[in-house]
Protein chains: 6
Amino acid sequence: MEDCAFCNADGDFLVVPQKGRLWITTECGRLQVSPGEVVVLPQGFRFSVDLPDGPSRGYVAEIFGTHFQLPDLGPIGANGLAAPRDFLVPGAWFEEGHCPEYTIIQKFGGELFTAKQDFSPFNVVAWHGNYVPYKYDLSKFCPYNTVLFDHSDPSINTVLTAPTEKPGVALLDFVIFPPRWLVAEHTFRPPYYHRNCMSEFMGLIHGGYEAKADGFLPGGASLHICMTPHGPDTKTYEATIAQGNEAGPHKLTDTMAFMFESCLIPRVCPWALDSPAIDPDYYKCWIGLKSHFSPEGTKDPIEARENGPKDSR
Amino acid sequence: MEDCAFCNADGDFLVVPQKGRLWITTECGRLQVSPGEVVVLPQGFRFSVDLPDGPSRGYVAEIFGTHFQLPDLGPIGANGLAAPRDFLVPGAWFEEGHCPEYTIIQKFGGELFTAKQDFSPFNVVAWHGNYVPYKYDLSKFCPYNTVLFDHSDPSINTVLTAPTEKPGVALLDFVIFPPRWLVAEHTFRPPYYHRNCMSEFMGLIHGGYEAKADGFLPGGASLHICMTPHGPDTKTYEATIAQGNEAGPHKLTDTMAFMFESCLIPRVCPWALDSPAIDPDYYKCWIGLKSHFSPEGTKDPIEARENGPKDSR
Amino acid sequence: MEDCAFCNADGDFLVVPQKGRLWITTECGRLQVSPGEVVVLPQGFRFSVDLPDGPSRGYVAEIFGTHFQLPDLGPIGANGLAAPRDFLVPGAWFEEGHCPEYTIIQKFGGELFTAKQDFSPFNVVAWHGNYVPYKYDLSKFCPYNTVLFDHSDPSINTVLTAPTEKPGVALLDFVIFPPRWLVAEHTFRPPYYHRNCMSEFMGLIHGGYEAKADGFLPGGASLHICMTPHGPDTKTYEATIAQGNEAGPHKLTDTMAFMFESCLIPRVCPWALDSPAIDPDYYKCWIGLKSHFSPEGTKDPIEARENGPKDSR
Amino acid sequence: MEDCAFCNADGDFLVVPQKGRLWITTECGRLQVSPGEVVVLPQGFRFSVDLPDGPSRGYVAEIFGTHFQLPDLGPIGANGLAAPRDFLVPGAWFEEGHCPEYTIIQKFGGELFTAKQDFSPFNVVAWHGNYVPYKYDLSKFCPYNTVLFDHSDPSINTVLTAPTEKPGVALLDFVIFPPRWLVAEHTFRPPYYHRNCMSEFMGLIHGGYEAKADGFLPGGASLHICMTPHGPDTKTYEATIAQGNEAGPHKLTDTMAFMFESCLIPRVCPWALDSPAIDPDYYKCWIGLKSHFSPEGTKDPIEARENGPKDSR
Amino acid sequence: MEDCAFCNADGDFLVVPQKGRLWITTECGRLQVSPGEVVVLPQGFRFSVDLPDGPSRGYVAEIFGTHFQLPDLGPIGANGLAAPRDFLVPGAWFEEGHCPEYTIIQKFGGELFTAKQDFSPFNVVAWHGNYVPYKYDLSKFCPYNTVLFDHSDPSINTVLTAPTEKPGVALLDFVIFPPRWLVAEHTFRPPYYHRNCMSEFMGLIHGGYEAKADGFLPGGASLHICMTPHGPDTKTYEATIAQGNEAGPHKLTDTMAFMFESCLIPRVCPWALDSPAIDPDYYKCWIGLKSHFSPEGTKDPIEARENGPKDSR
Amino acid sequence: MEDCAFCNADGDFLVVPQKGRLWITTECGRLQVSPGEVVVLPQGFRFSVDLPDGPSRGYVAEIFGTHFQLPDLGPIGANGLAAPRDFLVPGAWFEEGHCPEYTIIQKFGGELFTAKQDFSPFNVVAWHGNYVPYKYDLSKFCPYNTVLFDHSDPSINTVLTAPTEKPGVALLDFVIFPPRWLVAEHTFRPPYYHRNCMSEFMGLIHGGYEAKADGFLPGGASLHICMTPHGPDTKTYEATIAQGNEAGPHKLTDTMAFMFESCLIPRVCPWALDSPAIDPDYYKCWIGLKSHFSPEGTKDPIEARENGPKDSR
């Protein structure tokens, strides 16, 4: 982006690089962002990106009318998940001098507009305030989970949330699945089968993903739209069942998957639908799933913890 | 409590039996409560208690002007900690007939008043609504914790909370320390040393307590008043340090400690202060604590995770 | 719906049967719904409907992005209008076995999609939680109204409300006009003439409707769009005026009208606009309305209660 | 109060005259208040009272730290109960001239202080704003109630409420029991037997009170403290039972009772406890109450509406 | 508008006349509105406008789904900006008689509909409530600003705000720039250069505007769309710099500019884009702007107040 | 405070030094505080104070159950009053080594307790979070006020506020009266005469105070309790009246008064009441105040801006 800067007048970008570093210059200063880190470029900031490692690849989410914030931690208390002090902002940096044909590309109303000026936009000498680009290293995330039985909702791994005005409903949650210990007993540990009022876009930054034994590679993506049932593939499912209740503590390593989860229904653009990268056989990962339910009760390998007699009420 | 019932006009009782079952008759019906369960008897209910196992022992907290509720789960989502369906209420039950000298003892304004009537107060044939006595089996609690590093605030184990009008400040939190897996790496795992704007009353229902190697027995209690520093005893501390960073997953078993944590400063009544059960040597559990800090940095057994170089900001 | 189930991925259905029972099978179990009852089928549930009485008829409202709830009762207190305990949910019920050509029709983004599977979707053995289909018998509703003078807003008869984020503004209110006593003195008792920021869709389940002497039959519907004035027809108006202030207590019987009232402007689809069921003469019900106002003051049959001298201020 | 004015620095007075008019002069102007009207004199206003009818009598409530407001009407909508336009404020009025020994009596911290000044405090020429004394004529109140079955909570008759910070909990509700129609069918119509987390102070302005056949006279008062059971006297109860389900519409006339209902526990001062006006036999009004319950079900005169078979759930 | 009335079923109009009085008849009565005053005509009111001074000119904003209110004053306290008592509403006024061809034009869903009736809509004899047309004289506005140094945000001059559900984000703010004193020392006093998440439509009622030395005339308008940088023209900027820090108190007189500021992106209609009144040279007002920044620090005419040494932190 | 530290377990201290610097050591590090600065020492921090200039003097406010925060700025927008970046916190600092007789004095429940330890409490090597001592230089405050006419409420000068749960009601507001321009026309510019639901404690850090011509000196204090009228002394009043409407812009210089304003009623302790520093003649500052009101209207020197004819309404 030689003598050229971009500006999004419509909303904020959350960028998740998967391959190749990004050297980003903004009006507030410069940020170096590597795969494993994420960066937020808020609405209205001008920025340019250099690629020191050559071609890069990753994921971008754009949100409108709100900004990302840390989730309210609830009973987690004062510490946990992503810590405020691990979000890094640039120090002020500026450049001066004549730039006869500097181009500003502005995204506005979903279209791109171009303007010329004869100076660099990165001439901001100093700044204060809290409306500013920032980055975050996902390895700083402090994950929580159940530590005796049962399976947590994925919201437990929320890094950032873009709220709506409706409490508990996110325009976009950015959720990760980082390395962590699994210790739940008498529990089916992979992500459970479900359908959801939210739509789930998943990506993989490096390593493998616990719920797909095959076919979900770093740089790939899946989209499970609202109220479409989904869950682990057949291979993962059967392997888990085979293990039964004997699984002890197990540490997931070499993995960093993430989810963009939205209360809105995403549209898939024609460019993607027509892409050769589309996987037309995705649905086959669930072929062969079979019921292990037995009406006699607790004969199933994963013992139903809730099946015991209840206090009458 | 033959032909006699009690009623608290001032507030709600949370009862934590530690030894001996309680058979409780209320206007809404009957509840059998065993050690390991807790029961809430709301303001204004008449009840009587029978002790089928002989003398009983436990803990009682009384709250005024509010009621207990489940904590907002925040990022934990829809499931976890105490589940609504595990709180059990009595089925309607009544008795009729002449009781010539039935006594009602009413606690009102901190004093006890007595009235006589010639019928049982347990003559309520049916009821509906949600203002009702209830019990909860603490073994149903689904604990959460950190699953990679760091130590969670104890609020993560909140069973019930009696809120104030100030968000985040509890009149009384009822918190438990149940059996669970510890997996945090590079972390001092026992409860950390701290002081607190809340006052902490702790009790032990059965087993041992992870932060006191000696001297804290089932049926005992400790009180750490607001802004008084406290933490594990010397023996626990040194044992943890000795273990260093090599501790793998470890399951705490045979333990059920709890905490009543309040934003108000509790007064200790003369009866307790003068009791032979007072432990005058409690402070000695911290004698011999010594600093393991070394200004050279990471030589300390528990490696400081935050000590690495930071991104400049 | 033999070997076929429907699922609405877009929103919730509120179904108001007017003729013929509905036997509904859902993943949570089965509900029998008769005219006089209403049923809510939330977003994402698969269900099939059988018609034991042959062809059926009724009204359906669909809401997006929120769910129905009971209105906050305000000064009505703890009891009144629709009671929580009168909303009935199904008990768990499931079926197993091979269904080679089972069809799922999914409504998503306003379009219908079809999928085939070889098992019944009603294979859910047990469930817990509060996201579930439910029904309500409108005869259980406990109506309130003025009991000395004046005419209440129709909101007093709200059964269920689907809120927006703006307090007091409903995406959809479901309001009924059930049998009840009218006792207001010195008051024009039929629904008053008004125009409204909400749009009002009315239907009639059985009997007559108090504000339309003719032409509004069970199974019919009217739509008064936002800010369009409306009120009783001429016949009802003149009959009320003729009665004057002498009307004593009167019980409305054999009636069950309802209103879907929304802050959004409903569009009428071409199918309805072109239907032979359209009543092109509807506006004629107001022909002949004449002013009874007399500037001399209280000579009008309905004495103006507010016309007396006021305290100076 | 010749050359003398009173000022309450602690809180607001709500005055309910029962006998004799009050001519009140305030810094904002003058108000004439008759029995059947109520007046609020807010914290910090200086006022004097003249009694044109000779000795007067009534009730005064004092509230601290908040002010009275109209209740949120909830589903009642935009109109009903007390209307804002019926609260009347004084027009500005002032007096000038030398008053050599004018006395101000200030209530502050529960004690009375006296100051002398040489001018009238009623020298305010004009004012604006909404912090001002006001009066309300209770006959303007528009009462609501159930109009088919069941008995409303008394909150339905709230004229003014002084809120706490806790939604739904009032420091003081001012509730009236005015003339109105009773039409509920299959319902025990007098105030039901109950105990309450609020404390209830009742007074009678004129006429009789529906729940006490004898012994509650205009100018009298009763106090039912929190969690003390109470309800109609035996005579009222038996008369109602005798009437059975045959009661048709009935209009209560010649009555104006009221309640001060508070979430705080009122203390009764020694002056009142030692007064000859105390009724030591009050409890006797309930002697002879007997159970009409029959386990066989619906044989009781007031048919239990809820006793029919329920849908299984 | 002879025998013709208009009604907006979609939203509220805020009318800012710039030239010529408006005599407005509404169902609530009549308002005379002159340039320098503004008037709000809420959704659903029928009104007609007469022009006693011949052709008129001005600005109209339309808002949907909410209404205008006074801004919460925050630390300004109880008085300041626009006072409630300066908003004037009409007294009731009505006309009777036969109007054989009275036309109602209703704006609904962005289209115009016409209906005929044989009477005037202004036959409303009396009204009460607070949903009513009102006007405000802008010279009654009490402006606030900084009184030592620095430049206030324009929100300090908010007259009316139409809120969204998101705190702090306005659907439309109506802001004025009235005559007032400027006293800030060491401060660049004209509106600062900025870009904004809001879109700003400015108009001028009379006089000049402080940030545009030329070319912004009464009756004109400018639109600075969200995230487009803007500020004073070159002439204003250089004149301010030339003045340096020596400017003492200065009173802005003969000016009344205003801003409609919205969180939504306004569309400019073709009629406006094709108008000969468009100023194609608007951008030239900024040609020649040059940097006065000097890296040596405080040599610049406007001394940077923040440049002094800071406490280390 | 040699080998001695203080800790307040009850609440937070706001310290306003008036004479002599404070060198404060806390567990988070060291702060140097001079007259003209203020410092907040939160509940539970241990600190010691050294006095490099010899004996010191100032004001201390203590708050319970809450903490200070910046006021919500309302229409002031994003900048103004006290800026977050001007609140300075200490950098981490620690000391090690043997301190055989180190004393901790803890204020708890209003009493002082003493403990001995053999090390300095200032052994905290590093910290993070936002619960920390901080200081603020009052000369950084950016004051706002009216800039055309009228007199602002003192809340416009709020530096910090300790809120209650009731919006708009402060447990303690810390308000200052700094150097600033006065420009209001046709306005009585000194603090107006009033009485207040808040109690006002005023102090003077240096210079004079605009509303007291004599007798209020730096280091002095006044207390105007809730609902006690007060205002400028006679000399200030008459001088202002004499000036009439001719006052142009005027800059207040050499002044820094402040107010602790609370919704609670402060008690004056016997030590203060018995002090020789009490000014028994304070009330005499108002002797000789006389009315300038003339019923003929605008003859009074300060022309009543609101007296002109109003639009009829």
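The count begins at 1 with the first shown residue.
Placement of Cβ uses the backbone N, Cα and C atoms for every residue, glycine included.
TrEMBL has this to say about the protein:
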type	residues	note
ACT_SITE	E:H151	active site, proton acceptor
BINDING	E:H194, E:E200, E:H230	Fe cation binding site
BINDING	E:Y209, E:H230	homogentisate binding site
DOMAIN	E:1-138	domain 'Homogentisate 1,2-dioxygenase N-terminal'
DOMAIN	E:139-293	domain 'Homogentisate 1,2-dioxygenase C-terminal'
Which of E:H151, E:H194, E:H230, all recorded positions, has a Cβ with the fewest other Cβ atoms inside 10 Å: E:H194
Rounded distance in angstrom between the Cα atoms of E:H230 (Fe cation binding site) and E:Y209 (homogentisate binding site): 15
Number of Cβ atoms other than its own within 10 Å, given for E:Y209 (homogentisate binding site): 24
Integer mean pLDDT for the domain 'Homogentisate 1,2-dioxygenase N-terminal' (E:1-138): 96
Mapped DSSP class for the residue listed as 'active site, proton acceptor', helix or strand or coil: coil
E:Y209 (homogentisate binding site) versus E:H151 (active site, proton acceptor) - Cα distance in angstrom: 17
Additional residues around Fe cation, ordered along the sequence, whose Cβ is within 8 Å of the centroid of E:H194, E:E200, E:H230: E:P191, E:Y193, E:R195, E:N196, E:H224, E:T228, E:P229, E:G231
Neighbour tally for E:E200 (Fe cation binding site), based on other Cβ positions within 10 Å of its Cβ: 21
Inter-residue Cα distance where the pair is E:Y209 (homogentisate binding site) and E:E200 (Fe cation binding site), in Å: 15
Rounded inter-Cα distance in Å - E:Y209 (homogentisate binding site), E:H194 (Fe cation binding site): 17
DSSP helix/strand/coil residue counts for the domain 'Homogentisate 1,2-dioxygenase N-terminal' (E:1-138): 7 helix, 71 strand, 60 coil
